[in-house]
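Reviewing the structure listed below.
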Amino acid sequence: MTNKLKKDHAFWAAVCLLLSIVPELLNALPEEDDDTINTDSELRPMKPLHTFCAMKAEDGPCKAMIRSYYFNMNSHQCEEFIYGGCRGNKNRFDTLEECRKTCIPGYKKTTIKTTSGAEKPDFCFLEEDPGICRGFMTRYFYNNQSKQCEQFKYGGCLGNSNNFETLEECRNTCEDPVNEVQKGDYVTNQITVTDRTTVNNVVIPQATKAPSQWDYDGPSWCLEPADSGLCKASEKRFYYNPAIGKCRQFNYTGCGGNNNNFTTKQDCNRACKKDSSKKSSKRAKTQRRRKSFVKVMYENIH
């Protein structure tokens, strides 16, 4: 009798336990079905152009930090990763454009038409991005404000695609074929009609350069004021002072600042001073010649 009661209690306890679990199971099943349906609709199967495009990003065993790109089968997009410098696999590209053309079926190069009618890759309109690392590598980017390629200091990792190792590569990729835009805040290509020449009794106006107090043909970053930066170091650096047309020394704190920052005075002069000194030297020579000519004429008369 006692054993029978124990069996009855065990049976009803099991029934109660099952009844308490069933509602939770019923509530959970629709949610799982919904998740499955959403996932299938968002990520449809995609066949890349090459088998190696399905490989995972592999940085390799070396310790370099080289910005590269790979095709991500999950997101169906080309994404950035840091390559160690050796080994790895074929799913690795130097540029985002190369990755897209190689792996994405039906990919068409994205371009933006400018006011001049020229088409440029969309990454040419990205802002300068030095990345998150602390390197001091000279690179070039296209400045959409000045409409020309300019130098900047790249930290060595991440950043964006508006980043070129050479000035020529930047210009060929992003600049307009004919660039008649002013450099910096100083107009260098305006013309005004001031002279006239008579040919066959016809007066022909001759275009001459507009007079200006000071013309500067160098890079726009040479016009930026000296910026000591945000850190606490004290490094000797040089900047170009456009007011006096010379490179001057200043103390750099080690991080931040701007591109008007050179490790040696020679680098500063080479980058900024040579362009502005040409016109001033020509003007000085012309003035000296005029003075000497007047002096000779005066001596001959007397």
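Residue numbering: from 1, along the chain as shown.
Cβ coordinates are placed from backbone N, Cα and C, and glycine is handled just like the others.
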Next on the checklist: Candidates are Cys103, Cys124, Cys133. Which one does Swiss-Prot pair with Cys157 through a disulfide bond?
Outcome noted: Cys133
Checklist entry - In Swiss-Prot, Cys255 is listed as disulfide-bonded to which of the following: Cys174, Cys222, Cys231, Cys272? => result Cys231
Item to check | Bond partner of Cys99 - disulfide, per Swiss-Prot - picked from Cys78, Cys124 | outcome: Cys78
Checklist entry - Looking at the recorded positions Cys78, Asn144, Cys272, which has the shortest Cα distance to Asn251 (N-linked glycosylation site)? => result Cys272
Next on the checklist: Please give me the disulfide-bonded residues out of Cys103, Cys149, Cys174 that lie within 10 Å of Asn261 (N-linked glycosylation site), comparing Cα atoms only.
Outcome noted: none
Checklist entry - Between Cys231 (disulfide bond) and Cys133 (disulfide bond), what C-alpha distance do you get in Å? => result 15
Checklist entry - Taking the disulfide-bonded residues one at a time (Cys78, Cys86, Cys124), which has its Cβ surrounded by the most other Cβ atoms within 10 Å? => result Cys78
Checklist entry - Of all the disulfide-bonded residues given, namely Cys53, Cys157, Cys174, which is spatially nearest to Cys99 (disulfide bond) at the Cα level? => result Cys53
